[in-house]
Amino acid sequence: MNPQAKLIFMTSLLLGTTITISSNHWIMAWAGLEINTLAVLPLISKSHHPRSVEAATKYFLTQAAASALVLFSSMTNAWHTGQWDITQLSHPTSGLILTSAIAMKLGLVPFHFWFPEVLQGSPLSTGLLLSTIMKLPPITLLYMTSPSLNPTLLTILALLSTALGGWMGLNQTQVRKILAFSSISHLGWMAVIIVYNPKLTLLNFYLYTMMTATVFLTLNSMKVLKLSTLMTAWTKVPSLNAMLLLTLLSLAGLPPLTGFLPKWLIIQELTKQEMIATATLMALLSLLSLFFYLRLAYCTTITLPPHTTNHMKQWRTGKPTNVLIAILATMSITLLPISPLILALV
């Protein structure tokens, strides 16, 4: 892609995100979401492969439908209350429509079908944008409207997302699809707590973004798209493989690593709200996603693939590891001991 064009699209992406995050009026927030959608479409379809074009089409249709619903919910609210302010979403029907629209934007179950397909059809760099920065504006809208949202609906969506995100990722061999289902599962954890403690949702989102960025950047530098390629990548950059292993375990939420912090705090908050059954279910459902993270981690560290004859070993490159990947990986692994400081900052 032409560098000037890429610069324009990336600037538009940042502009759209900033407009939505900083707006008070529904029309401005909607305009920011639309700029975002239009800026990311060329980045999805830049390889001109039929699958990329299909992914861009699916992305456009779902995002357009979700944006229309956002506009519809804000107009319904303005009609009943005379308010266009984002924080004044007091009409219950508007709240329900908005929750559905944001769920569609984010890819929460049952509006998740587009997300794995779009991620599979995109390059890894665009996949990183779709999984992280594109989720920020919808989550900000949820954060701003959280007092007037329906807790029951969000809890149901969250439980379904965590369950299906874990379940459907079990059988996958494509790394991008596994990461898509991992994203759906994490969004479930964010959605379950947004009504009770919105700041925890944001903390979870920041940490998830950091860990996912590490995984995507590592896979991109190793040029890995399938599990079978991941098995032979250890010969190429052994240090990156070790980082990837620990970051995957952190994404799974295992205790001494950073990813344990949001899960621990969310379960604690749910227990405080006397939602013991929900907390137990969420904890049990996270075991499903733990299984496919362990599968990925196993493929990362396995030193001899079972079918050695079919695969050429990749040449070890003398290039040093990217500094950004090193910093992100270190943060993805070691932030748990300073969790009191993180909580004080949030």
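Backbone N, Cα and C define each Cβ position, glycine as well.
Those TrEMBL annotations? Automatic predictions, nothing curated.
As recorded in TrEMBL, the features of this protein are as follows:
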| type | residues | note |
| --- | --- | --- |
| DOMAIN | 23-288 | domain 'NADH:quinone oxidoreductase/Mrp antiporter transmembrane' |
| TRANSMEM | 56-75 | transmembrane segment |
| TRANSMEM | 95-115 | transmembrane segment |
| TRANSMEM | 152-171 | transmembrane segment |
| TRANSMEM | 178-196 | transmembrane segment |
| TRANSMEM | 202-219 | transmembrane segment |
| TRANSMEM | 240-261 | transmembrane segment |
| TRANSMEM | 281-302 | transmembrane segment |
| DOMAIN | 290-343 | domain 'NADH dehydrogenase subunit 2 C-terminal' |
| TRANSMEM | 323-345 | transmembrane segment |
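Beyond the transmembrane segment (202-219), the same-chain residues lying 6 or more positions past its ends with a Cβ under 8 Å from any Cβ of the stretch are 124-125, 127-128, 131-133, 135-136, 139, 143, 175, 179, 182-183, 186, 189-190, 193, 225, 240, 243-244, 247-248, 250-251, 258-259, 261-262, 265-266, 322, 324-325, 328-329, 331-332, 335, 342-343, 346. Under 8 Å from some Cβ of the transmembrane segment (281-302) lie the Cβ atoms of residues 158-159, 162-163, 165-167, 169-170, 172, 175, 178, 181-182, 185, 188-189, 192, 227, 230-231, 233-234, 241-242, 244-245, 248-249, 251-254, 263, 266-267, 270, all in the same chain and six or more residues away from its ends. The average pLDDT computed over the domain 'NADH dehydrogenase subunit 2 C-terminal' (290-343) stands at 81. Long-range contacts of the transmembrane segment (178-196) within the same chain: residues 103, 106-109, 112, 115-116, 119-120, 127, 131, 135, 139, 142-143, 146-147, 149, 151, 154-155, 157-166, 168-169, 172, 204-205, 208, 212, 215-216, 251, 262-263, 266, 269-270, 273, 278, 282, 285-286, 288-289, 292-293, 296, each at least 6 residues beyond the stretch ends and with a Cβ under 8 Å from a Cβ of the stretch. Tertiary proximity for the transmembrane segment (240-261) is limited to same-chain residues at least six positions away from its ends with a CB under 8 Å from its CB atoms, namely 182, 186, 203, 207-208, 210-212, 214-215, 218-219, 221-222, 233-234, 286, 289-290, 293-294, 296-297, 300-301, 321, 325-326, 329, 331-336, 339, 342. Tertiary neighbourhood of the transmembrane segment (152-171): same-chain residues 96, 99, 103, 108-110, 112, 116, 177-178, 181-192, 194-195, 275, 278, 281-282, 285-289, 291-292, selected by CB-CB distance under 8 Å and a gap of 6+ residues from either end.
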